[in-house]
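Student: I have a structure I would like to understand better, so I am pasting it below and will then ask my questions one at a time.
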Amino acid sequence: MEINKIMVIGSGTMGSGIAQVMAETGYQVILNDIKQEFLDKAIEKIAKQLDRDIQKERKTEEDKTAILERFTLSTDYADAKDVQLVIEAATENKTIKLDIFRKLDEITPAETILASNTSSLSVTEIANATKRPDRVIGMHFFNPVPVMKLVEVNRALTTSQETAEAIFDLTKKIGKVGIDVKDSPGFAVNRILIPMINEAIYTVYEGVASAEEVDEAMKLGANHPMGPIALADYIGLDVCLAIMEVLYEGFSDSKYRPCPLLKKYVEAGRLGKKTGQGFYSYK
Ligand code: 3HC
């Protein structure tokens with residue numbers, strides 16, 4: 001089955017980035033969200049990114065027009081009736097995701113692949129909410145999506161080889177590199193990255209070094225493009241905490257214990273860049 005029309009569910013940071021790379025590659029994209037105003041904001045953000053590319057002479061005005069013309073905006077899952085692939089990038093909440101997959105299963109043709117950008121939930125459980133568990137898979141992108149080269153292709157226990165191959169093929173077509181990962185808490189990247197961030201927060205919590213010093217240390221001493229504390233603010237402290245909790249519960253291992261300081265920041269609503277305040281101030 002050839003993929004030419006894709007629905008992306010969720011027009012937040014990840015969803016809009018995913019939709020952008022798909023449209024840039026030439027796919028018809030239906031961008032779906034619960035409110036029209038979210039969609040309008042996402043398209044505005046994508047148009048701005050394209051303007052930056054034009055300024056840098058990586059794209060032309062004609063490219064921008066063609067890319068934007070590939071978009072259809074939607075607030076109704078029923079618009080997925082003739083797509084070959086859905087990529088869900090909605091809120092990282094199990095009840096919401098399971099509900100979306102149940103609905104998509106009813107609406108989309110039987111051969112449509114249903115992918116989730118989940119960063120921590122069980123893809124196997126999501127697959128099991130549908131009558132096509134062989135055609136459900138994780139397709140996990142990284143922020144900022146247009147820049148980050150990786151896609152984790154997270155296979156549910158039930159995902160067929162044919163489905164995985166179709167997603168690897170798509171990953172290559174959009175200019176990204178796919179890695180083959182089995183469904184497991186945090187998959188591969190977040191299992192490694194988020195405990196590293198958690199440990200960086202412990203280093204601050206225990207007074208070993210300040211946030212600025214920890215970041216400087218990892219930028220200059222380990223060549224990270226961004227220090228772990230700044231990265232935590234960038235990802236969202238609530239997202240980091242949610243992933244630590246999934247690892248802690250999923251492996252029943254105290255080595256994944258979320259740092260109390262991380263919890264405190266989340267309780268205070270200091271979620272990082274998106275709220276204007278995390279370990280750093282963005283006001
Ligand atoms: N959208 C599109 N392009 C962007 C962008 C965005 N949001 N942010 C930056 N860029 C582009 C810039 O245009 C620039 O491109 P150019 O040099 O070709 O013009 C390039 O990226 C570099 O940007 P900057 O010069 O502004 O800044 P930096 O060199 O500091 O790079 C960064 C910014 C790419 C964000 C870099 O700091 C970085 O790689 N940080 C780490 C990001 C990371 O680890 N992400 C993974 C997070 S984990 C995750 O997403 C998983 C989830 O499940 C938690």
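Heads up, the Cβ atoms here are built off N, Cα and C, so glycines get one too.
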Student: According to TrEMBL, Gly10, Ser11, Gly12, Thr13, Met14, Gly15, Asp33, Glu92, Lys97, Ser119, Lys274 bind NAD(+); which one of Asn143, Asn154, Asn223 is listed for that same site?
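Tutor: It is Asn143, as the record lists it for that site.
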Student: Taking ligand 1 as the reference and 6 angstroms as the Cβ limit (strictly under), which binding-site residues among Gly10, Gly12, Lys97, Asn143 are close?
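Tutor: So the answer is Asn143.
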Student: Which ones in the same chain are close to Lys97 (NAD(+) binding site), with CB under 8 Å and 6+ residues apart in sequence?
Tutor: Glu88, Ala90, Ser116, Thr118, Leu121, Ile126
Student: Within 10 Å of the Cβ of His140 (site 'Important for catalytic activity'), how many other Cβ atoms can be counted across all chains shown?
Tutor: 25
